[in-house]
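The following features are taken from TrEMBL:
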| type | residues | note |
| --- | --- | --- |
| REGION | 1-64 | region 'Disordered' |
| COMPBIAS | 15-24 | compositional bias 'Pro residues' |
| COMPBIAS | 32-54 | compositional bias 'Pro residues' |
| DOMAIN | 186-282 | domain 'CRM' |
| DOMAIN | 304-400 | domain 'CRM' |
Amino acid sequence: MAVVAKLHLFSNLPSNPPPQPQPTPQSHRPPKPPIPIPKYPPPKPKKPPTPPNPAFKTHHNRSKYYKPVKQGVLASDDGRTILIGDSGVSYQLPGAPFEFQFSYSETPKVKPLAIREPAFLPFAPPTMNRPWTGKAPMKKAKRNVRLFGSGEEESDGVRRMEMRGGYEVKELFGGELRPRNEVLGRPLSKAEARELIKPYLSSNRQVNLGRDGLTHNMLELIHTHWRREPICKVRSLGVPTVDMNNVCRCLEEKTGGKIIFRVGGIAYLFRGRNYDPRNRPRYPVMLWKPATPVYPKLIQEAPEGLTKAEADVFREKGKKLLPICKLAKNGVYATLVRDVRSAFEECAIVKINCTGMHASDYKKIGAKLKELVPCVLLSFDDEQILMWRGHDWKSMYKRSPKAPSPVHDTTANGMNRSGMHMIMFNKGSEVARNVLDAHYNELLNCFMYLLYINFAQTILADLKKAFYMIILTN
């Protein structure tokens, strides 16, 4: 074992590393790439882009198309005309009984300033060989061609048949239309009207009118209801219910029917005694909703009869004013005009709460109130309609309410009701302030009494309406 320990099993390593071979000139060259670099041909010169066909350029609500227009004919092609008038944009087709519009009841009675899309008709082109149905034509293999008599006299006992070609626009409207009085016939008696309305009081088969009111395509829908039933139930909700008289007038003018009963936002439209569904007018379907034109602004910095400073003062006062009512979304606003007129008897400015409603809805309501009340619109801020009654305002009553006086002492506290109501709203005068300070509790009690009387009158009107409906059903 000692001998093995003395043996050197590993040789001594050299102290210096072995010399490296000196590089040759060939070792400086870079290695060849594994794949040769491809050589591409030079790029071809780019051709200028061809201008797109204007027919394929679509315009929408966010497009920046703006074209000022004037009153008169905007575009015309083979008798198919687009007109600009006091009732907005209308479309005139050859053979049509009247000018077509997207909405007949909710179009503003103001001349538009500009249009937001190119002038073209929203109807099917006259070059189609079949009426527009909204569906693709049937396949040729499965299509059964219907043959019709040619109308010529038979010769040699042979009956000639022919295929129906392209329809004419005159045939689309039913040819010669009969007068409205002839279709309606003699007027209905109360008993006949009661018997006709009775099955439809609880029926949900109806035509619903929304924020656009009576639209063009609803005319065809009403005639479809009349094919099976003599009565068409029309229910209106939202903006059109502010002026139900206008809705009923448009229904009778455009459809040719007669409204025999109306309650709230529901109208029952009678087709007439001599109505013939086979000879009814057929109107072309409006394929899309045209873009709304640009109308003048409803809210101005300096409204009619006011300076900008005076209008700002009214707007500041309106922020602290309590609204007379709150409008619900898709509600029935049949009494809104009457309520605003009554409120103007007590205060020069009136506010309506429209929280939760669509912005376009309460703006349309404000535009209707401006014409029907009439009044001056001040603002739509914070979803509130603020109105001023104007300098030309006249009271609905022969004698406007006067301030309280000891001569007209009719209440237990020595105050006249009409005088108290005036004091509660007209706080600007010194007399009203002094009376409010001295008789605040008495005035508050009397004011609550007036609110109770108004509530009782509303309940009584509802009971009368329910009693009348019970009589009709029985």
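The backbone N, Cα and C atoms fix where each Cβ goes, glycine too.
What TrEMBL says about a protein is an automatic prediction, not a curated fact.
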Should anything in the same chain at least six residues away from the compositional bias 'Pro residues' (32-54) have a Cβ under 8 Å from its Cβ atoms, list it; otherwise answer none.
118
What is the pLDDT of the domain 'CRM' (186-282) when averaged and given as a whole number?
93
Residue counts in helix (H, G, I), strand (E, B) and coil for the domain 'CRM' (186-282), per DSSP?
41 helix, 22 strand, 34 coil
Looking only at the domain 'CRM' (304-400), how are its residues distributed among DSSP helix, strand and coil?
39 helix, 15 strand, 43 coil
Per-state residue totals over the compositional bias 'Pro residues' (32-54) - DSSP helix, strand, coil:
1 helix, 0 strand, 22 coil
